[in-house]
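According to TrEMBL, the protein has these features:
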type	residues	note
BINDING	Cys238, Cys243, Cys265, Cys268	Zn(2+) 2 binding site
COILED	54-104	coiled coil
REGION	147-211	region 'Disordered'
SITE	Tyr224	site 'Histone H3K4me3 binding'
SITE	Met235	site 'Histone H3K4me3 binding'
SITE	Asp239	site 'Histone H3K4me3 binding'
SITE	Trp247	site 'Histone H3K4me3 binding'
Amino acid sequence: MPCSNFSCNKRNQYFNFLCSVKAFLIMTSALYLEHYLDSLEHLPIELQRNFTLMRDLDTRAQAVMRNIDQMADEFMTNLKSMSSEKKKEKMSEIQQQYNKAKEYGDDKVQLAIQTYELVDKHIRRLDSDLARFESEIHDKVLTTTRTQEEQIATKRGRKKTKEKEKKKKAASSEEDTAVKAAAKRKKKTIGSGGASARQTKEEESPGLGTEVLDMPVDPNEPTYCLCHQVSYGEMIGCDNPDCPIEWFHFACVGLTTKPKGKWFCPKCTADRKKK
């Protein structure tokens, strides 16, 4: 019967629905999972009740149809020997049986529609929750990507600044070396002259060397480390991107060689332990 096929389709839809729920449970967060499972708690019981009622109505309708067939056979067999009143009575009984079968069929269709709407309601909610969850995941990915790009840009800026500082220091060191070399050449030149000239130039040369060694530090040059001095010698950077100091002299933090893996300065290490 058509209603029986309709019931089979509902069972298939329910199976597909449960498969969709399983996929949803894998993807969704704990909050969505908890709320959705609460809404599904009574769904299997309601569906089982509707399927049981539909099967019972189907059994009754089939019994009525068999009774109608039997009554129709008897009517056709005894048609010639029946009076007109008997014919009307038999026709009325058959009509009542048809009406009863129709009522059973209508009730079964209503139950099937109710079952369909019940499952469809949960499917619509599942689609809505999935769309909301995907939107949240998309926003989270965009936020994470934007944050990472900002961090990379900040690190690149710091790297460029440090490279410029190193170049300035290298240029300053070359200038100091050139000045010292010039002073030495002047000493040698003076040494080939007279004793008085040698004495005069030797007095001037130390003054020049002292002036070079005592050159004031550029006030605009950045300072680092716990000692708040400019960059010199071997230095190590703190792996905390939010470290206020960033770079440290090996000697100031008790290092002789570069450590393996990530390294955190004493201040950041203390802050991490507090957390």
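Note that Cβ sites are derived from N, Cα and C of the backbone, with glycine treated the same way.
Other residues of the chain with a Cβ within 8 Å of the Cβ centroid of Cys238, Cys243, Cys265, Cys268, the Zn(2+) 2 site, are Asp239, Asn240, Pro244, Ile245, Glu246, Phe248, Phe264, Pro266, Lys267, Thr269. Using Cys268 (Zn(2+) 2 binding site) as the reference Cα, a 10 A cut-off selects Asp239 from the recorded sites Tyr224, Met235, Asp239, Trp247. Just so you know, the Cβ of Cys265 (Zn(2+) 2 binding site) picks up 23 other Cβ atoms within 10 Å once every protein chain is counted.
Distance from the CA of Cys265 (Zn(2+) 2 binding site) to the CA of Asp239 (site 'Histone H3K4me3 binding') is 8 Å.
For Trp247 (site 'Histone H3K4me3 binding'), other Cβ atoms within 10 Å of its Cβ number 18.
A straight line from the CA of Cys243 (Zn(2+) 2 binding site) to the CA of Met235 (site 'Histone H3K4me3 binding') spans 15 Å. Between the recorded positions Met235, Cys238, Cys243, Cys268, Cys238 has the most other Cβ atoms inside 10 Å of its own Cβ, all protein chains included. Every protein chain shown contributes to the tally, and the Cβ of Asp239 (site 'Histone H3K4me3 binding') ends up with 12 other Cβ atoms within 10 Å. Between the CA atoms of Met235 (site 'Histone H3K4me3 binding') and Tyr224 (site 'Histone H3K4me3 binding') there is a gap of 10 Å, rounded to the nearest whole number. Calculated from their C-alpha atoms, the gap between Trp247 (site 'Histone H3K4me3 binding') and Tyr224 (site 'Histone H3K4me3 binding') amounts to 6 Å. Sequence-distant neighbours of Tyr224 (site 'Histone H3K4me3 binding'): residues of the same chain at least 6 apart with a C-beta under 8 Å from its C-beta are Val230, Ser231, Met235, Ile245, Glu246, Trp247, Phe248, His249. Taking the coiled coil (54-104) as a whole, pLDDT averages 90 in the prediction.
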